[in-house]
Structures are given as structure tokens and as C-alpha cells.
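Under the heading region 'Disordered', TrEMBL lists 1-25. The annotation domain 'Major facilitator superfamily (MFS) profile' is assigned in TrEMBL to 65-506. What TrEMBL records for 106-127, 139-161, 167-185, 197-215, 320-343, 363-381, 388-409, 415-440, 452-471, 477-502 is transmembrane segment.
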Amino acid sequence: MASHPPPEPSSNSNKGWSEHEEIHVSSGGVQAYTDDDADCESRRPLLLGTAAPAECYSASAAALPFFFPALGGLLYGYDIGATSGATISLKSSTFSGTTWYNLSSVQTGLVVSGSLYGALIGSVLAYTIADYLGRRKELILASISYLIGALLTAVAPNFAIMVVGRFLYGIGIGLAMHAAPMYIAETAPSQIRGMLISLKEFFIVLGMLLGYIAGNAYVEVVSGWRYMYATSTPLCLVMGVGMCWLPSSPRWLLLCAIQGKGNLPETKEIATRCLCRLRGQTSPDLVSDQVNLILEELSYIDQEKQVGFREIFQGKCLKAMIIGCGLVFFQQVTGQPSVLYYAATIFQSAGFSGASDATRVSILLGLLKLIMTGVAVLVVDRLGRRPLLIGGVSGITVSLFLLSSYYTLLKDASYVAVIALLLYVGCYQLSFGPIGWLMISEVFPLRLRGRGLSVAVLVNFASNALVTFAFSPLEDLIGTGMLFCGFGVIAVASLVFIFWIVPETKGLTLEEIEASL
């Protein structure tokens with residue numbers, strides 16, 4: 001296999017590629033670009049050749065580096081599900097167990113959206129601390145924030161303490177949703193990376209389902225909302241202890257050493273041991289070639305420079321930013337929060353009018369989301385990212401126009417709304433749900449990944465807040481039918497964006513994806 005050597009051969013990459021290890025690339029090779037000055041670019045082929053033997057790994061060794069970070073997603077989903085039941089319990093004069101149950105609409109909004117505001121703060125914090133702490137320590141910090149937030153919320157003696165708890169829990173969400181996909185992406189074998197990151201979305205949905213079940217179990221218990229939030233605390237502890245046990249990301253360790261934050265030979269040895277643990281291999285020689293590949297790519301692309309704010313909006317990071325932020329923006333502004341908000345109303349119009357019916361419907365919707373996410377997990381590394389996105393978003397578009405027609409033309413045909421709702425939920429979980437988080441963890445260059453991904457996560461939560469808070473005023477202004485029609489038009493725009501902008505990353509290592517941008 002041929003490669004263009006760096007200007008000065010380095011001891012870190014003197015092994016090159018072994019004759020048994022080639023790297024899979026798309027046809028025609030992959031080109032990487034390095035900026036020599038403001039007016040000139042030089043090119044070099046990163047890799048030439050055909051597909052190679054896949055990375056060797058143990059499935060059992062790959063499971064735990066996925067499981068403990070994915071608990072951060074499960075705790076995020078649990079909060080969504082539990083809060084829907086907690087607000088009912090908290091405002092009940094019979095079951096609240098407090099003297100301050102008579103909450104205003106603003107106070108109720110703070111309870112519901114407090115974790116969302118906290119997640120926005122967490123995303124901003126991630127921008128400044130993520131590269132300093134590393135992925136593993138950021139997830140440990142997230143688990144601590146989750147734990148303190150859940151305990152404060154559960155034992156809150158008054159409304160103010162409860163809101164503080166909701167904010168702290170939300171900071172944990174922002175940190176976890178930033179660090180978990182990065183840690184999984186940087187530690188997973190390339191051939192199952194898509195499945196594992198998509199499986200994190202499965203954990204989010206599983207958490208929502210568990211939250212709905214907890215809400216259903218405690219909604220008619222005095223102070224039931226306290227039990228709903230306290231139930232998450234054991235998972236916070238498991239996540240924190242598990243992340244303390246896991247090794248750091250080898251890619252992050254090597255990046256720090258290249259940037260002068262550690263002794264390179266010593267760090268290379270530590271990274272090799274970490275990768276051995278992550279792959280379930282006892283001999284460092286089996287993974288040393290992969291460590292050399294990472295170092296060689298770092299030496300090509302001038303990773304030793306410190307990241308500046310302007311740099312994340314330049315060059316290949318700008319392209320990655322457009323891809324990542326575009327996906328998470330369209331993920332929210334195609335109406336995901338609003339469609340789920342209308343789920344209870346739609347099912348009531350179909351004859352499920354009782355409160356207990358509405359609770360069970362939430363559980364059934366959670367099961368549907370779980371099943372469809374499971375389907376996406378199973379096929380994402382075989383079909384690829386683009387086919388799932390194009391097919392799923394096409395279904396979302398059809399479902400939104402069906403919902404619009406129900407509220408404008410077919411008001412007596414409640415089955416149309418039910419079919420549209422189920423189609424929307426299923427297609428969302430096949431496409432935007434898992435693939436959005438997967439793509440933002442893959443496309444950013446290593447040196448800029450922490451800060452770039454924090455911007456993408458911030459865009460995600462900010463878009464969610466925008467849609468959530470603008471929905472009611474827009475509904476009053478133009479009507480429900482026209483609003484869903486508007487979401488449908490946005491979904492068409494997102495299809496165009498996916499078709500022309502979003503690349504296929506199936507089967508490529510993170511270094512190959514970086515070079516292809």
C-alpha cells in the first residue's frame with residue numbers, strides 16, 4: 001500500500017502500515033487537504049488501495065465502553081418520560097404531598113423545561129472544558145451532575161430547590177449527550193461503530209419508556225413525583241462508577257501528546273494499553289499498528305496547533321459543522337416535539353379518552369419508538385446512513401402532510417391522524433433519531449471534535465427549545481393544519497439537504513472520514 005510520506009519521518013509513525021493491515025476506503029481513494037497559507041492548498045492521498053481485514057475485537061470487551069456512556073442517554077430519556085407523569089402528580093391536590101402544588105403555568109413550564117435549559121448550559125460548558133477534561137472525565141462529571149440534580153429534585157422542600165435540581169440534572173444531560181457519542185465513536189471498532197452509536201439512541205428511547213412506566217406506577221401515590229425522580233439515582237451511580245473503571249479514549253490521549261500536553265512515547269504506551277482493553281486483546285503488538293495509524297494521521301494534519309474559536313468555522317471543520325448542525329437542526333424543526341405533544345389529543349379523538357388510556361398510549365408509543373430504533377441499530381452498518389435518512393425523512397414528510405390534511409380537510413377521519421402519528425414516530429426513529437447523533441460524532445476532525453460537537457449539541461437543544469416555545473403562538477396565528485403543513489415543507493428542505501450535503505460514512509475509520517472532508 002502506498003502513501004505519501006510526511007516531510008520529516010517521525011519515530012511515532014516509523015512502522016507505517018503492516019502488510020496485513022489495509023484500510024477500507026471508498027472507490028477512487030480519499031484525499032485529505034492541508035492549508036499551507038490563506039491562498040493555497042496542497043493535497044496528499046491519505047490512503048490508496050482496497051478494503052482490508054477489519055479490526056480485531058472482542059464483543060464482550062466492546063460492550064462495556066458502550067454501555068456506561070449510553071447510560072447517560074438512558075437518563076436523558078428517563079427524564080423526558082418521568083416528567084410527563086411528575087407534572088400531573090406535582091399539581092394534584094390529592095397526590096402532590098406538598099403545600100405548593102398550585103403551580104402557575106410559568107412554574108409548570110420551569111419544571112418541564114428546567115432540564116432543557118440546564119442542557120443548554122451544559123452544552124456551553126462542554127465547549128470550554130471538554131477538550132481539557134477528555135471524554136471519560138466529562139462523562140464522570142455528567143454522572144455527578146445527574147445524581148445531585150435527581151436527589152435535589154426528589155427531596156425538594158420547595159419549588160425553588162426543585163428548579164435548581166432540574167437545572168443541575170439538565171447540565172448532566174448537556175455534558176452526557178456531548179461526551180457519550182464522542183467516547184463511543186473514538187473507542188468502538190469501525191465495523192460496529194454505527195450500530196453502537198445508534199444503540200445509544202435506543203437507550204434514550206428505552207429511558208423514555210422506563211420513565212413512562214414509572215409515571216404510570218407512581219402517579220396515584222402521595223408524593224409520587226419524588227419517587228419518579230429518585231428512581232434514576234442508582235443508574236447515575238452505575239454510570240459514574242463504570243466510567244471511572246473504563247480507560248480514556250486513546251485518540252484523545254494521542255491528540256493531547258501531539259499538542260505538547262504530555263510525553264509522547266509514554267502517552268503512546270498508555271494509549272496502546274487502553275486500546276488493548278477496549279479491543280479485548282492482551283498483546284500490545286496486536287493494536288500498535290492502529291495506534292501508529294492515528295499518530296501518522298495526526299502528524300499529517302498539523303494537529304499540534306491549539307484550537308481557536310474561528311477555526312471551527314473554517315476548512316473541513318466548517319463542512320463538518322454544516323453537516324452536523326444541519327442534521328440536528330432539521331431533526332427538531334421538522335416538528336418532533338410538537339407531533340409528540342399532540343399524541344394524546346390524536347388518540348383521544350380516536351376514542352382513547354380516559355386518563356388511564358392516555359398513560360397507556362404513552363407506553364405504547366414508547367414501545368413503537370423502541371422497536372423502530374432497534375431496527376435502525378440492526379441495519380445502519382449494513383445499509384448505511386444515507387439510505388436510512390432519505391427513506392425515513394421521506395416517511396416523516398408524508399406523515400406531516402397527512403396530519404395537516406387531517407386538521408384542515410379530514411376532521412372526521414381520526415384514523416388518518418393515528419396512521420400519520422405512528423408513521424411519523426416510526427420513521428423518525430429510523431432516521432433523524434439515531435442517525436443525527438451518529439453523524440455528529442463521526443464527521444468532526446479529531447482536534448476540533450470536542451468543540452465542534454458541543455456546538456452541534458447546543459444547536460440541537462436550542463432548536464428543541466425554539467420549536468417547543470414557538471409552537472403555541474404559531475398554532476394560534478396560523479392554525480394547527482397549516483403549522484403541520486409548514487413542518488412538512490421544512491421536511492422537504494431537509495431531504496434536499498441530506499441528498500446534496502450529507503456523505504456516507506459507513507465502514508470508514510474516523511481518520512478516513514476526516515480525510516474525505
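Every residue, even glycine, has its Cβ placed from backbone N, Cα and C.
Listed by sequence, the residues of this chain that lie at least six past the ends of the transmembrane segment (477-502) yet keep a Cβ under 8 A from its Cβ atoms are 322-323, 326-327, 330, 333-335, 338-339, 342, 385-386, 389-390, 393-394, 396-397, 400-401, 403-409, 439, 471. Here the transmembrane segment (320-343) has Cβ contacts under 8 Å with residues 312-313, 361-362, 365, 393, 396, 400, 403, 421, 424-425, 428, 432-433, 435-436, 439-440, 443-445, 448, 452-453, 455-457, 459-460, 463-464, 466-468, 471, 480, 483-484, 487, 490-491, 493-494, 497-498, 501-503, 517 of the same chain, all six or more residues outside its ends.
Within the chain, the transmembrane segment (388-409) has long-range Cβ neighbours (under 8 A, six or more residues past its boundaries) at 330, 334-335, 339, 342, 376, 379-380, 416-417, 419-421, 423-424, 426-428, 430-432, 435, 479-482, 484-485, 487-488, 491-492, 494-495, 498-499, 502. Comparison of 106-127, 139-161, 197-215, 415-440 by number of C-beta pairs under 8 angstroms to the transmembrane segment (167-185) places 106-127 first. Panel annotation: around the transmembrane segment (197-215), residues 66, 69-71, 73-86, 88-89, 180-181, 184-185, 188, 227-228, 231, 359, 362-363, 366-367, 369-370, 373-374, 376-377, 380, 429, 433-435, 437-438, 441-442 of the same chain, lying at least six beyond its termini, place a Cβ under 8 Å from a Cβ of the stretch.
With a threshold of 8 Å between CB atoms, the same-chain residues lying at least 6 positions outside the transmembrane segment (106-127) that come near it are 79, 83, 86-87, 90-91, 138, 142, 145, 149, 159, 162-163, 166-175, 177-179, 450-451, 453-455, 457-458, 461-462, 464-465, 468. Sequence-remote contacts of a segment are chain residues at least 6 beyond its ends whose Cβ falls under 8 Å from one of its Cβ atoms, and for the transmembrane segment (139-161) they are 68-69, 71-72, 75, 100, 103, 107, 115, 118, 122, 133, 167-173, 175-176, 179-180, 183, 226-227, 229-230, 232-233, 236-237, 239-240, 243-244.
Computed over the domain 'Major facilitator superfamily (MFS) profile' (65-506), the whole-number mean pLDDT of the model equals 85.
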